[in-house]
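Q: Before we start, here is the structure in question, set down as structure tokens.
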Amino acid sequence: MQAACWYVLLLLQPTVYLVTCANLTNGGKSELLKSGNSKSTLKHIWTESSKDLSISRLLSQTFRGKENGTDLDLRYDTPEPYSEQDLWDWLRNSTDLQEPRPRAKRRPIVKTGKFKKMFGWGDFHSNIKTVKLNLLITGKIVDHGNGTFSVYFRHNSTGQGNVSVSLVPPTKIVEFDLAQQTVIDAKDSKSFNCRIEYEKVDKATKNTLCNYDPSKTCYQEQTQSHVSWLCSKPFKVICIYISFYSTDYKLVQKVCPDYNYHSDTPYFPSG
């Protein structure tokens, strides 16, 4: 005697029946166990006398290669067909159960800071090192969010020389002329509205060993300066102009920051 267990899940409205086990004997008789209480209005799904359809052909190939194998002769009655309305009701109920939960709406990102740093101290710096000079200039730009912005500079130098840091329009020509470095053309005055807000310079002198000859003593001047400009919008763009003069070194440099990275409206240089 061999026993095989078959698990079939049948959805019959409104009760679910689980056919748990079928004990098969050599005589071909089957004993079926059902869980749940059957109703008189429902037909038995598995019977021995039904001749409608056999699935033994589908399962016989699995047991032919085994000794003392027994062909299975499981039969079932054709179930009662559902009406079209019943199918639509079943699909509607299953869809309602599988509907995903609505996603929570994300809150927009709100900027809480009043000030927006456009350029930090590390975004702009100029470092000059010579035998007689060690110069470092750093700057930053801060947008106040009220139509104005400030430009800050700090400068540290050890040695002798003159350093000038100023704001100029992009049309400023780079040249070795101290008299021309702070001149603003009349056509640029409307788009360039800046004034000095704060300025402080600290100087100290000392005698130290010379870099080029440690056996000698050199006179060194240490200078620390802080300056800030307050500018009003609208403006096109401002540039930073640095000029340095000493006995052995000259430098003139103009740097125009990239405002397209921070501005919603792109800047198109002209002139």
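Here the Cβ of each residue, glycine as well, is placed from N, Cα and C on the backbone.
So Swiss-Prot has the following annotated:
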- ASN23: N-linked glycosylation site (CARBOHYD)
- ASN68: N-linked glycosylation site (CARBOHYD)
- ASN93: N-linked glycosylation site (CARBOHYD)
- ASN146: N-linked glycosylation site (CARBOHYD)
- ASN156: N-linked glycosylation site (CARBOHYD)
- ASN162: N-linked glycosylation site (CARBOHYD)
- 22-97: region 'II' (REGION)
- 98-176: region 'III' (REGION)
- 177-185: region 'IV (linker domain)' (REGION)
- 186-271: region 'V (Cys-rich)' (REGION)
- 1-21: signal peptide (SIGNAL)
Q: Reduced to three states, what secondary structure does DSSP give ASN146 (N-linked glycosylation site)?
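A: Its secondary structure by DSSP: coil.
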Q: In the predicted model, what is the mean pLDDT computed over the region 'V (Cys-rich)' (186-271)?
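A: Averaged over the region 'V (Cys-rich)' (186-271), the predicted model reaches a pLDDT of 72.
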Q: Just to be sure I understand the packing, how many Cβ atoms besides its own are within 10 Å of the Cβ of ASN156 (N-linked glycosylation site)?
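A: Taking all protein chains shown, ASN156 (N-linked glycosylation site) has 14 Cβ neighbours within 10 Å.
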Q: Give me the Cα-Cα distance between ASN156 (N-linked glycosylation site) and ASN162 (N-linked glycosylation site), rounded to a whole Å.
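A: A Cα-Cα distance of 12 Å.
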Q: Please report the three-state DSSP label of ASN162 (N-linked glycosylation site).
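A: The residue in question, ASN162 (N-linked glycosylation site), is strand (DSSP, three-state).
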